[in-house]
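Read the structure below first, then the notes.
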Amino acid sequence: MSWRFPRFGSQQQQTDPNFQDIPTQSWYPPSVVGSSSRPSTPTSSSASPHQRASDHPQSSSRGQPSPAEAAGIIARLKDKSIEELQSLLKDKEAYNAFFNSLDQVKTQNNVHDELRKETLQLARENLEKEQRILELRNQCTIIRTTELAAAQDRLTDLERQKDDIMMSYSPAALLDKLQTSMAKLDEESEELHQKLLEKDIDLPTFVQKYKKLRTAYHKQALLHLAGQTSLR
């Protein structure tokens, strides 16, 4: 946090005639001095520090105090003697001690300490969970290499079975099955006719069985013809 202390008014300068003899360039360290090395003189000696602070508002996003905070810092500085002010501007340790004694700085330091403690606590908790994370990672590796591999093999086998079933019920496969069944019925019809010629079967029985076989054959032949026509 690089705050700039408000510049002192003419009332403090008029209290001691030797105040103006102090080298102004040594008053403000680089973190305090702006683009000008000499404090600007207000146009009216009656201007209050609050008015001078409000004439140059600082953006809090750049780490500058608000007017209310600047007024509090001025109140702390008003009670200090010229020697103490000189010590603040010349002695780095005294300047840092005064800077760190400001309420705003204390608040920021407390917030910083709290955040640091919380961060360390989270880091410790993460380190404590590291062993558990490693165990879970090993379990995932085992599952991936054993159970998952077995499930993948089972899935591959089921997909192959599905493809076989789908292929067996394809139009081309069904036509082949009809063709095979027709050939078998035709063969049975020929065998039955041969039995009649050899007188191994009587005529009424032959007619009944032969009619049944030929009816089934022609039904399948019609289905086969319709299937072939639909595929063209």
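The backbone N, Cα and C atoms fix where each Cβ goes, and this holds for glycine too.
TrEMBL entries are annotated by machine, without manual review.
What TrEMBL annotates here:
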| type | residues | note |
| --- | --- | --- |
| REGION | 1-68 | region 'Disordered' |
| COMPBIAS | 9-28 | compositional bias 'Polar residues' |
| COMPBIAS | 29-49 | compositional bias 'Low complexity' |
| COILED | 110-195 | coiled coil |
| DOMAIN | 152-232 | domain 'VPS37 C-terminal' |
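Averaged across the coiled coil (110-195), pLDDT for the predicted model comes to 90. Look at the domain 'VPS37 C-terminal' (152-232): DSSP puts its residues at 73 helix, 0 strand, 8 coil.
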